[in-house]
2 protein chains.
Amino acid sequence: MSHPHPELTLPPALPEGALRVVALGGLGEVGRNMAVLEYAGRLLVIDCGVLFPEDHQPGVDLILPDFEYIRDRLDDIEAIVLTHGHEDHIGAVPYLLRLRRDIPLVGSQLTLAFVEAKLKEHRINPLTLAVREGQTEQLGVFECEFVAVNHSIPDALAVAVRTGAGTVLHTGDFKMDQLPLDGRVTDLRAFARLGEAGVDLFMVDSTNAEVPGFVTGEREIGPVLDGVFADSAKRIIVASFASHVHRVQQVLDAAHAHGRKVALVGRSMVRNMTIASELGYLKVPDDVLVDQKQIERLPDDEVVLMCTGSQGEPMAALSRIANNDHKISVGHGDTVILASSLIPGNENAVYRVINGLTRLGARVVHSGNAKVHVSGHASAGELLYCYNILKPRNVMPVHGEVRHLVANAALAVKTGVPADRVVLAEDGVVIDLIDGRARVVGAVPCGYVYVDGSSVGEITEVELKDRRILGEEGFISIFAVVSSADGKVLAGPQIHARGFAEDDAVFEGIMPELVQALEDAARGGASDTHQLQQVVRRIVGRWVSNRLRRRPMIIPVIVEA
Amino acid sequence: MSHPHPELTLPPALPEGALRVVALGGLGEVGRNMAVLEYAGRLLVIDCGVLFPEDHQPGVDLILPDFEYIRDRLDDIEAIVLTHGHEDHIGAVPYLLRLRRDIPLVGSQLTLAFVEAKLKEHRINPLTLAVREGQTEQLGVFECEFVAVNHSIPDALAVAVRTGAGTVLHTGDFKMDQLPLDGRVTDLRAFARLGEAGVDLFMVDSTNAEVPGFVTGEREIGPVLDGVFADSAKRIIVASFASHVHRVQQVLDAAHAHGRKVALVGRSMVRNMTIASELGYLKVPDDVLVDQKQIERLPDDEVVLMCTGSQGEPMAALSRIANNDHKISVGHGDTVILASSLIPGNENAVYRVINGLTRLGARVVHSGNAKVHVSGHASAGELLYCYNILKPRNVMPVHGEVRHLVANAALAVKTGVPADRVVLAEDGVVIDLIDGRARVVGAVPCGYVYVDGSSVGEITEVELKDRRILGEEGFISIFAVVSSADGKVLAGPQIHARGFAEDDAVFEGIMPELVQALEDAARGGASDTHQLQQVVRRIVGRWVSNRLRRRPMIIPVIVEA
């Protein structure tokens, strides 16, 4: 297996008749999935999603794939193929279309409906081509066949891309539930047929490659929900991902079976489920859905509230309910169900929500104490099936952190794929498929692009480092006006500190030394305010370090007057 | 069950012959465990630990119990009983002894050795009384009997406290491994005897009350470690808690069995294991321990490095090894074992370490893919045994977040303890044991006390809120000197922003408006710099919000000259 982090240089020109693959996101993280295929000078983009920030990226709203590699080649893009409607696959589409609005979007009906709703908020009206499983479309030089896959959102597709250089099969996100609620299984017949014909490069979801065995079937959730509903005497609140149509379907069915009504809470939940029911993916039992006003008039034992916030997002309905800071209140005897996985990194936030709800008297049912959620990604056992059915000539694990990619690569090798045919790459690494063999040939710059407020890509690691320092240590600003004539301090020094000291009085002790040092420096011929600022920084820094054992950011501002 | 968060007022005076219990930490969080018992005007403290901060407490080093409740009563304290040597039970002792140095410390040999080593760093030489299981000591008005319990550190004790008001049994941290490595089981015979005599208040560890069943035996770890050692061809690095003597013992034994030498890495690891082996708790096989210099001379397949950092602590050895920033380097074929639980909240940090090590080519074995660690806290099944053997008259769940305390309370009720005899309390809630009945009678103020650098208790929620704003939004400071005569701007405005903008040039557009507004305000009779600062704050705030969609901290400093 080629090492994920070799010392790579810019790749050579792509040889005639060869295929190039570059991931601009999703390799080395779970999110911002985006792959760019190149053949005969033309580009095909597969997915264009966002990544949500971690705690070492404070204040960041979203993280985008790095479009730099294609910025000068936007006109070469034949289309963006979207495998399914999750944010980590469609969330960055608006930012790419801002660069070129008429790139065609290709995907299933539900996927396009979700992305169009999102684009409307950005005032973009895209060109789209809706496709179904089994359908084949010629997108410029790329012949794309779409294959049904089963995932935690309906209408997900894998895509087989045929070019003169060979056939690439990209799974998108998928699992292999053999008894899915909608009966739409991952089409292993198609996988077999493609395998027979020959898959030259298999790009495969790695998210659960470390997890042994098989994902529990969605059908096993229903009875569990049913049991929870059965012994709930008062109100039931269910939190889930706003796009999980099947989970919402199960809640609607359980509510219907127990004579309860459901109100959807939260903008994204309402928007997505309205789309899903209009398109027939969500089947709403007779008048089980009511609005919030209506539900407030119902007795507790007829109420179900379906909301977002299962990851502890502080602004989401559930967190505010847990903080008693929402018009929906929770009390003794109420039941709250977190029908979702706990995404690593969200534990503190989620446990704060669970503790808050428990403190208010609610019973909280979650993946830690009941089987109310199953993953949407194939576990190791399912991936082995894929490899054996496809017998791919080359494998490229996608969608995951390094540990996931490496685990997936090991599975491929176990099924007999030669280790030197399994390409381990991270974002920006360039893979060329030449004469049926995939190799790492170089790398292009590929960084994190931060969306922060209205700024896109302006926040860099420098600002994030400043934020971490400010966030952990606070800052001290020192302001003084010195006479340009004789260097005497005319005003100040004023010291303002935030984030670490009770009050600024603590600094009075240092004032005389500061004034002295400034005037000495001036007399000593410190020719500009910059030098004076260095003096101040040194004195205050040393004092704070010795006296308070702290390393705050120090901002001296010396003005000459 | 009394609600954990009623509207509580200060408690009435403690009636003659009654016993009062107040937890100053550990109820509502996992850490900073401290309970204060009061009888006949005298106090007994059980444990005095620290809590480690979460990501919403940036820059905080440690969190202490709130000593305010006992600050004026230090001379009433008969002793501090320490149940075992973990930081969350002994870490705050130095801060309490700073208030009164001669409070006697009572605990087992190993516990006292760990706390004395810690106190030495604070230059405190404590009064101590070493006790063993089965021993009874009269500590003033409190008759204390010490009972062996099994935990993830040797020599842990529960304590039964007899007073005229009744008997309290406090488990400390414990589990009930029936085949522990050192053969020292939790003494259920003593529990039975105490139960026969009558336990009026049972204070019991709740950490794993949500976890069904029983904790896997420590003995099952050995074979797993053995298997990992067996198929490791190159170096082995094991990370674990620095106090987990038994885990280190297992690593030493496995190393010995496979002809490898072990070097201990990290100050706390070396210090604790030196103490443990000197006292005979750690049995070091003949010359299996070597120092780092020696081990670097050995061939890879004879090397084991035992280090800290299993929680992804950025400064610990393992994180630095994973970042290639440590003299110990890891490469292809090396094996890293994280022999510890993953404490909620540390996931991001730990996965960053695992990804880093994987990227360097190492095989990483952790609780997610192998049974290399078991918890030190009794699961639900074990707690049921305790309740049934003790048949306590009143129960007070301790050590846990609200969800853990509530789960533990439910277990007590299941075994037949009347619900109104199970008191759910959080930090500062006052429980009185009167005529054999425990009731919540009020609450005393009990906040978080933050240690930050050399400051103790100076950081408040205000500073933490400032840090969160600074960390997420950054700040803008605006300096200007205005003439006290005519309000003309003599110097500045200078704008300095950190944490969000590429450079300060972005602010040039706002300067004219600022100057104008300042001079208008002055002409308009703005009588002091405070009013001028408000003007600046308003203008800059509105501009940043509209232009950048950000809400940074704004610090205007206007000086009159």
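Heads up, the Cβ atoms here are built off N, Cα and C, so glycines get one too.
Here TrEMBL has B:His84, B:His86, B:Asp88, B:His89, B:His151, B:His399 binding Zn(2+), and the candidate from B:Asp61, B:Asp173, B:Asp177 in that same listed site is B:Asp173. Cross-referencing B:Asp452, B:Asp466, B:Asp486 against the Ca(2+) binding annotation in TrEMBL, which names B:Gly59, B:Asp61, picks out B:Asp452. When the alpha carbons of B:Asp61 (Ca(2+) binding site) and B:Asp205 (active site, proton donor) are compared, the span between them is 25 angstrom.
In sequence order, the binding-site residues near chain A, meaning those of B:Gly59, B:Asp61, B:Ala242, B:Ser243 whose CB lies under 8 Å from a CB of that chain, are B:Gly59.
Proximity note: of the listed recorded positions (B:Gly59, B:Asp205, B:Asp452), B:Asp205 have a CA within 10 Å of the CA of B:His377 (substrate binding site), given in sequence order. With respect to their backbone Cα atoms, B:Asp205 (active site, proton donor) and B:Ala242 (substrate binding site) stand 22 Å from each other. Of all residue pairs in B:Ala242, B:Ser243, B:His244, B:His373, B:Val374, B:Ser375, B:Gly376, B:His377, the annotated binders of substrate, the farthest apart have Cα atoms separated by 18 Å. By the criterion of other Cβ atoms within 10 Å of the residue's own Cβ, the least surrounded of the binding-site residues B:Ala242, B:Val374 is B:Val374. Along the domain 'Metallo-beta-lactamase' (B:31-225), the predicted structure has mean pLDDT 95. Cα spacing between B:His244 (substrate binding site) and B:Asp452 (Ca(2+) binding site): 27 Å, rounded to the nearest whole number.
B:Ser243 (substrate binding site) sits 24 Å from B:Asp452 (Ca(2+) binding site), taking the CA atoms of both as reference points.
Burial estimate for the binding-site residues (B:Ser243, B:Ser375): highest at B:Ser243, by number of other CB atoms within 10 Å. With a cut-off of 8 Å between CB atoms and residues at least 6 apart in sequence, the same chain places B:Ile221, B:Arg247, B:Leu338, B:Ala339, B:Ser340, B:Ser341, B:Ser367 near B:His373 (substrate binding site), listed in sequence order.
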